[in-house]
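What Swiss-Prot says about this one:
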- 221: active site, proton acceptor (ACT_SITE)
- 97, 98, 99, 100, 101, 102, 103, 104, 105, 126: ATP binding site (BINDING)
- 91-383: domain 'Protein kinase' (DOMAIN)
- 171: phosphotyrosine (MOD_RES)
- 173: phosphotyrosine (MOD_RES)
């Protein structure tokens with residue numbers, strides 16, 4: 001094993017500016033032979049970001065080199081900027097999906113009319129914000145990592161665009177957006193407990209895959225907004241711009257400048273810059289807390305003691321008698337008590353101040369999977385909710401439905417009593433009206449019911 005890094009220029013000499021011809025020394029000949037061996041093994045071993053680091057001014061990786069099989073294989077399609085303008089309708093506001101640290105994201109649609117061999121499907125196109133905090137290096141990191149890594153719980157990178165200053169990435173479209181919006185947006189309905197566990201298991205599997213690679217990958221920016229959900233709430237990790245190659249051999253950590261998101265980063269990483277896979281485990285513990293509590297990692301609108309989620313909630317994770325104090329009130333008790341205890345205990349381990357005390361992500365997966373099979377979830381009352389993006393309307397309709405249920409039951413009881421008195425004892429066992437018929441209501445029923453109550457209230461006020 002060669003201790004020093006092997007210069008990329010020996011593998012792809014056309015990436016570099018021409019230098020004066022000179023004789024190659026025997027030692028360099030040996031390095032070239034080793035590099036050729038590495039190059040021939042690229043289909044077996046993942047290319048590390050450090051191999052193509054652009055820190056040196058003498059290094060320049062061309063588009064041709066990037067698209068060659070020697071770097072990322074032939075998994076990715078290369079799009080022109082004009083093609084991406086077509087599929088996103090010139091990046092129209094109607095197709096705007098959101099904006100992250102990298103830049104804005106727009107929805108588009110690709111098929112074989114754009115490029116031969118393309119599968120017809122919706123896509124998400126991410127455009128680098130030239131005035132933002134990220135740049136070419138983060139874009140290149142994303143291309144290199146996702147160009148080589150394939151897993152059911154990693155978002156699929158379909159292709160990219162590199163034209164002059166423009167840097168774009170084309171991903172599979174994730175219909176339900178990111179976890180952050182589902183948990184914290186006031187316009188989103190409450191995620192059921194079973195869905196939250198499913199998301200946690202999927203995200204954990206994605207991290208476990210990265211950590212278990214022959215050349216480990218440290219995600220470094222694990223958070224709710226980077227967990228994307230498909231139409232079936234299958235979780236996939238996205239945004240690999242800050243990912244780093246993990247330590248290999250006898251190394252215990254990677255020393256790097258502190259990057260990531262406040263509230264999610266592990267304390268030892270913030271203090272020392274020492275990055276390990278256990279740094280990701282800590283971040284996963286924060287997201288587990290968000291799933292349990294329905295609160296974001298940092299919330300300036302809370303009282304001072306509750307602004308940092310970990311500081312507020314972690315002390316209560318070990319005391320199951322206090323667990324109900326931190327459970328998301330929107331769940332309304334509809335969760336497995338045993339499952340909540342197990343998730344709380346796991347989150348407590350992940351958030352340990354000692355990195356060595358945190359579990360590996362593979363063990364996290366083993367702990368979470370059985371929780372998804374627990375069935376001790378209370379059965380709540382049926383509530384009809386009119387599809388709406390406004391939570392206030394949903395709550396109002398739900399309340400109206402409950403009241404309507406009560407009145408219908410009262411009417412049914414009155415009718416039965418009258419019928420019994422009218423027709424005698426032999427009619428007492430007459431089949432009752434179907435309860436299912438009263439379980440579904442149309443929008444019109446709800447509106448009429450609301451209007452009738454409004455008129456009744458007005459009459460009472462006039463009296």
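Using the three backbone atoms N, Cα and C, a Cβ is placed for every residue, glycine included.
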Exercise for the section: Among 97, 101, 171, these being the recorded positions, pick the one whose CA is nearest to that of the residue listed as 'active site, proton acceptor'. Expected result: 101
Handout entry: Secondary structure at residue 97 (ATP binding site), reduced by DSSP to three states
Key = strand
Problem - Candidates 97, 105: member of the binding-site residues with the richest Cβ shell (10 Å) - result: 105
Handout entry: Long-range Cβ environment of residue 171 (phosphotyrosine), under 8 Å and at least 6 residues apart
Key = 123, 124, 125, 126, 155, 156, 157, 158, 238
Practice task
State the Cα to Cα distance, in Å, between residue 173 (phosphotyrosine) and residue 101 (ATP binding site), rounded to an integer.
Solution key: 18
Fill in the blank from the handout: Span of the recorded ATP site, as the biggest CA-CA distance among 97, 98, 99, 100, 101, 102, 103, 104, 105, 126 in Å, is 14
Fill in the blank from the handout: Excluding its own, the Cβ atoms lying within 10 Å of the Cβ of residue 101 (ATP binding site) add up to 16
